[in-house]
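This report refers to the structure that appears directly beneath it.
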């Protein structure tokens, strides 16, 4: 029952019941209201008794569990500081809120508040932390959900009570069996004056109805019933169009009270009540307050600070079976390692390793060992409640660690384990989630509820924010932190666990490192700070940023601005629509430019266009509306796409106001950042200016989202239309002014333009001159556009290689004309991740020789050497690995894909470790019979090494290297010559040696030995033929020398891996597929075995050797 029932908000709150009831099938007979209420009361009483029984069982389990940590085992540093002795009548309660949600519970009487009229009411719950690090839960009472609808013609005050009664009765009938609804569904219907934000109508506010409901979940049925129509005396059955009926209850509350995500809240003295006993949560301070008494501090000045939050990072290890990925129904959890950090401190204050069976001590960490897995799981659950983290992080905790722990505890019947949140008695449950978008494809994931704690899975953050070749923790740590980690295959973990206390210690160190790295990533990438600032800027709860899409952020800002002006957001049904023309790209003048190219960039182009031309929902004129409203030509504009909007002199748009606020706030934040010296405040300010920039740019995207809350094709297509016009005008202005006729040394030419920038060749020879002319041109062109549109000088490229649209490279100069900042590449294989590393490395190396060294001959020679090495099998396999994301099931792909077919084959070999949806699949292309499709030749790199499968080097040359190299060298060498020099010639006449062990004819062929000297086939098992026997000693020495070289190489690689794992005295067991050393070590080990086998053919030394 527990697994199927949706958990409620806390003790004493009955769970919700599914829609429908006893009388659904018999519409002719309806029970009286008294009979319905009587049946409901009996059901509620039964639920209450059942819940009390469950709570007693949980409480006894928890009391037994708390004994898992003896007083001596609990480090005092784990505990939060003791809460102060607050006097609610004299002292305010101030805290930074992290999460806001709501639950439904019996109303509580509060001083100064009217007596509650409902048995069950929605109560908002804000979790947070004080400046001293004390945890707080604030129950906010008295706020009810509401929405608007236009009053139908003829509707007057006399119809208010009738509409309230009829709608309430309709909702009650619709919600039969809803246990929480014990009073009227509609609390109030009021007449007010408002105006729709969609379109300029010219008539000002009109009559609207504000409908207040008893519960948030009644919003959807109320909206549906109103759209169907409600019978009213004298008005017939009018249909009502809902406004703001799709706004989340928490967003509604935050908008109305001017609360933004992660800001500081103040409960004034004398306005709140502390709960000394009977608390519903594990928080140290628990308060009740009326919603109208909460004071919200805007995140500015001293209120920008971040409370000393407790961040917990953890990782688990499981003992799987050979060849099978761990399953929670069968495989035990053997270790759980946790690290705790107080935000703002440089080092974790807590390092804890909980292990199954004894483990040797670990310096700097506390080790707790258990003989029973049930005790281990219960101890970690108890530890979570003792340590009480505000933020929980890790790597893939959302899809593996947390679901595994909960499922395993359920299998072992550990009763108190799932109580991981802050609400007493509320279990953490797992639900499946699926997300699909055009950019990311489909991602299946799990969601674990943990009320009161923010979950930040670093894997999910990186998947959403960064485009990487691989997303394993090892690859990500190397990319961002510059450090590697030992990666132990799940099959080896069981062997370490079954060893002794030292092998278990090694496993615990590995597990601690896996918990430590996500914490480092969280800090290095400023994930928490940036997310908090984004929540503050957009006004949504922190949890929404991590689990919801982009649109809710703009909706929140739109609602806040609209509320100040009496405007309402309509509920728009969208199913996708027509597309529109995107930004302009000026046709590139391809080539290699050995002169400086100045780049001029429009600052915040799309937001600037929307502000300059007052483009908004509120200013949009429908076709013919300008004439009907009697507007003159100077009161509205016609955009390049033919759409019409009123000017700011008639009405200032909401979107331009929002954008002005965001960009001016960003300007202030950047000015403060320039002066600030405190590193923590610098982090906050940097996160704030970034959040403001992203938010401003997302407003345009919100209007263009065809399946969205409020799409408006007229706005989005007008913005891109103005953008195209501006790019073309900029080109014309630059090429008209900077000419020989106007006194300049050379006539300027715009060689390329893309969306918001143009690349200009002024014909000067020095970077300093190009910078001066670029600044002058930017200022001059800006004067031809309305404010705040501004063209800025951004950088100079010298030299510059322009290959095609969206593809170019050059040395970038932005501040100093005498030193380049970096080599900048766009759209080239040096920065793309859909090819093998060999391509990126070769393209980067070639560009460096072309652009930095100015050595085209050296670049050509290097490319030829790499091609020769490839064809002669001298390239390490790690450089040939291609990775592609598995975005959907095999059947959903239109054609056969190499990575999809390999994933299916790997699933047949080992279902547990096969890639799943959302994973990136690494593969190499192997040789096969002529005509075999490429998707059939994909193979797992490790499988290729273990079975000595030959690589299809021609595929890598023709399909991976050829096009990128020709793109770079054709502008320099010429089209025909580049192909002849790079892809033909002596360096391509290399013979590869096939060494496969499986597949094809090799599976049926019988191997015969050859003479090591002359390669003649031998009839015996010796090393040399009779003709080479006089040289046997010389050949033997040569092979021994080769063996020594291989041993030395293997020793160097082994030592490097030992340094990475942190011990020079233990075997290397790392199997990180993202590390090139791993593939080298595997290859050299195999070469060593082959070389030793070859030397054994010489036989034992004869007597003459002694």
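Any Cβ shown, glycine's included, is placed from N, Cα and C.
In Swiss-Prot this protein carries:
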- 1011, 1014, 1025, 1028: Zn(2+) binding site (BINDING)
- 1057, 1060, 1070, 1075: [4Fe-4S] cluster binding site (BINDING)
- 573: SUMO2 cross-link (CROSSLNK)
- 19: omega-N-methylarginine (MOD_RES)
- 1-28: region 'Disordered' (REGION)
- 4-19: motif 'Nuclear localization signal' (MOTIF)
- 1057-1075: motif 'CysB motif' (MOTIF)
- 1011-1028: zinc finger (ZN_FING)
Which chain neighbours of the [4Fe-4S] cluster site, leaving out 1057, 1060, 1070, 1075, have a Cβ atom within 8 Å of the mean position of the site's Cβ atoms?
484, 486, 487, 1056, 1061, 1068, 1072, 1077, 1078, 1081
Whole-number Å distance between the CA of residue 1014 (Zn(2+) binding site) and the CA of residue 1060 ([4Fe-4S] cluster binding site)?
43
Outside the zinc finger (1011-1028), at least 6 residues beyond either end, the same-chain residues with a Cβ under 8 Å of its Cβ set are 1035-1036, 1039, 1094, 1097-1099
List, by number or range, the same-chain residues at least 6 past the motif 'CysB motif' (1057-1075) whose CB is under 8 A from its CB atoms?
470, 472, 474-475, 478, 484-489, 492, 496, 506, 509, 878, 881, 922, 941-942, 1081
When secondary structure is assigned with DSSP, how many helix, strand and coil residues does the zinc finger (1011-1028) contain?
0 helix, 1 strand, 17 coil
So what sits near residue 1028 (Zn(2+) binding site) in its own chain, CB-to-CB under 8 Å and at least six residues off in sequence?
1011, 1012, 1013, 1014, 1035
Helix, strand and coil counts within the motif 'CysB motif' (1057-1075) (DSSP)
5 helix, 1 strand, 13 coil
Could you state the whole-number distance in Å separating the C-alpha atoms of residue 1070 ([4Fe-4S] cluster binding site) and residue 1025 (Zn(2+) binding site)?
43
I need the nearest neighbour of residue 573 (SUMO2 cross-link) among the binding-site residues 1025, 1057, 1060, 1075, using C-alpha distances.
1075
Protein Cβ atoms within 10 Å of residue 1014 (Zn(2+) binding site), excluding its own
11
Give me the Cα-Cα distance between residue 1057 ([4Fe-4S] cluster binding site) and residue 1025 (Zn(2+) binding site), rounded to a whole Å.
41
Cβ-centroid neighbours of Zn(2+) site 1011, 1014, 1025, 1028, 8 Å, sequence order
1010, 1012, 1013, 1015, 1016, 1018, 1024, 1026, 1027
CB neighbours of residue 1011 (Zn(2+) binding site) within 10 A?
18
Around the Cβ of residue 1057 ([4Fe-4S] cluster binding site), other Cβ atoms within 10 Å, all chains included, total 21
By Cβ count within 10 Å, point out the most packed of the binding-site residues listed: 1025, 1060, 1070.
1070
Other CB atoms, at most 10 A from the CB of residue 1075 ([4Fe-4S] cluster binding site):
23
If one measures from the C-alpha of residue 1075 ([4Fe-4S] cluster binding site) to the C-alpha of residue 1025 (Zn(2+) binding site), what distance in angstrom results, rounded to a whole number?
42
The number of other Cβ atoms within 10 Å of the Cβ of the residue listed as 'SUMO2 cross-link', counted over all protein chains shown, is 5
Assigned element (helix, strand, coil) containing the residue listed as 'SUMO2 cross-link', judged by DSSP
coil
Residue 1025 (Zn(2+) binding site) to residue 1060 ([4Fe-4S] cluster binding site) - Cα separation in whole Å
46
